[in-house]
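Input: a single structure, listed below in structure tokens.
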Amino acid sequence: MVTAIGFEGSANKLGIGIIRDGKVLSNVRHTYITPPGQGFQPRDTAKHHRDHILSVLRKALDNADVTPDEIDCVCYTKGPGMGAPLVAVAIVARTVAQLWNKPIVAVNHCIAHIEMGRLVTGADNPTVLYVSGGNTQVIAYLMNRYRIFGETIDIAVGNCLDRFARVLKLSNDPSPGYNIEQMAKRGKKFIELPYTVKGMDVSFSGILSYIEDIAQKKLDGGECTPEDLCFSLQETLFAMLVEITERAMAHCGSNEVLIVGGVGCNERLQQMMREMVEERGATLCATDERYCIDNGAMIAQAGWEMFSSGQVTPFNETWCTQRYRTDEVLVTWRDG
Amino acid sequence: MDVESEGSSALRLIKQGAEARIYAADFLGRPTIVKERFKKKFRHNVLDDKLRHKRTMQEVRSMHRCRKAGIATPTVFFIDSNDYKIYMEEVQNSITVRDYINSLKEDKESNLRKLAKIIGTILASMHNIQVIHGDLTTSNMLLKKTNDIEIADLVLIDFGLSSISSLAEDKGVDLYVLERAFLSTHPNTEDAFKVILDTYKTFKGSSEALKKLDEVRLRGRKRTMVG
Ligand SMILES: Nc1ncnc2c1ncn2[C@@H]1O[C@H](COP(=O)(O)OP(=O)(O)O)[C@@H](O)[C@H]1O
Ligand SMILES: [Mg+2]
């Protein structure tokens, strides 16, 4: 029996979760929400994490009904993410590891999303679409690494959605992407936007600047509604994502898709992916909202896998890094 | 014209590619591949129609342009623009470069080098006529035979995402797309990929594209990855 606790705070969600042999014992989260029109800044986000981390930790232990001596390893997010928030959380993870006298495991945030997705869906070897505020990648496992087959060549899809939400001054509660999704449901008119796919790679910055440009003019002229713009943006961005996922599936000969990351909560994206997958006679692994959004349990799960395969991070290497690519990690817990 | 009655036998589905269905057929007695860009339900109608139209036309245009410049691509026999179907020559007994690389055992290194030189040469001549392929992967290159391969044995296909451009940026991105696909699909082939670029480098006009390749790589490395 191995019990792992995971600390996550690479962006505006602070999360701590506890996992025991594939079972989620607790998963507590506290999200830093900024006023409409504003993104989250590193300093304020770090402060939010510092202010709440001890109460989140208390809750995670209480909900799991676990005492520190029952924990086998302390896992934390090494990166990628924002520097200050990462460090704020890592310091607490390091401190409790020393207090409790437990080994530490430094975890890659992207790998954690994938491992949590595999755990909750039972997916064996899926093509993974990882879509969040900071990442857009199509990933497949090959010879002990999660290899990136496709990626954004500029901004992430979540970033594109968030920034457009700011243009429309949509609320950041619970998340800008969620509010775009609700607006898009009421959109009717399809406005053509640039569509930029390069093999298995995509580019979103041209779409963002184009829609930012035309939005005010079209709205003022009564040509369309904000709902139409949200609808058109989603239809375009998601068509690109589904297209590169399909291209990677064909290229790798894969029959299974898993969507992870915050944007994976979007039901329209899930629906489009399902339509693509069904048409190919493949399967889409069900997405579970609770684990798509950044959380602590996923860090615990990836750490659990690493720890169980013999990996421990020496204390003097328990630092953080803002850039940490998915394919840098040697996957020691899966067959070659 | 009604192709079915004009000498083409029934279509036999042989595979589903990345975006098209691939059929085998017989067109006026010639072994034929029919590539159909069928309707994608997941895409909005307007977008779907636009993409299928544009890609079918662009694919034919670039294949033609490459052929004229002596770069091996299948001959196009016929275009059915209602159904977005391209009838083209079947490259018989061919395998994809992806399968070829995966099958290499003895003399892997030297065969890889030979292949890499061929790929580098073809890419340089393709970029020299301003064709940007747009989807360079080892699945989109066919080999006519697997022994003593020469330039003429490598056939480029799948030009749906192609464009015509003289911009170094576009050429750089084309190489970047290949680099990622190549290295992800074929782990530990960094040396072979370097041979592709080294060969590409010996052609005129290639240095700007390679400089852009460096820039695009750097952009990727500098990108923030928050969330
Ligand atoms: N002219 C051809 N001759 C032989 N095989 C072909 C030909 N065209 C396509 N194929 C086969 O079909 C696959 C998919 O074709 P492709 O043009 O790449 O379509 P997609 O855009 O769907 O990937 C190729 O990888 C190759 O195996
Ligand atoms: Mg193809």
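Every residue, even glycine, has its Cβ placed from backbone N, Cα and C.
Across the domain 'Gcp-like' (A:24-300), the prediction's mean pLDDT works out to 96. Annotation comment: TrEMBL describes A:24-300 as domain 'Gcp-like'.
Every protein chain considered, the tally of other Cβ atoms within 10 Å of the Cβ of A:H109 (divalent metal cation binding site) stands at 29. Residues or ranges marked as divalent metal cation binding site by TrEMBL: A:H109, A:H113, A:Y130, A:D294.
Following the DSSP three-state reduction, the secondary structure of A:G134 (substrate binding site) is coil. Cβ neighbour count for A:G134 (substrate binding site): 24 (other Cβ atoms within 10 Å of its Cβ, all protein chains included). For A:Y130, A:V131, A:S132, A:G133, A:G134, A:D162, A:G177, A:E181, A:N266, the entry in TrEMBL reads substrate binding site.
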- Message: Taking each of A:H113, A:Y130, A:N266 in turn, which of these binding-site residues have a Cβ less than 8 Å away from a Cβ in chain B?
- Response: none
- Distance, A:G134 (substrate binding site) to A:H109 (divalent metal cation binding site) (CA atoms, angstrom): 11
- Where the record says A:Y130, A:V131, A:S132, A:G133, A:G134, A:D162, A:G177, A:E181, A:N266 bind substrate, what is the longest distance in Å from one Cα to another among those residues? 18
- As a whole number of Å, the Cα atom of A:S132 (substrate binding site) is distant from the Cα atom of A:D294 (divalent metal cation binding site) by 9
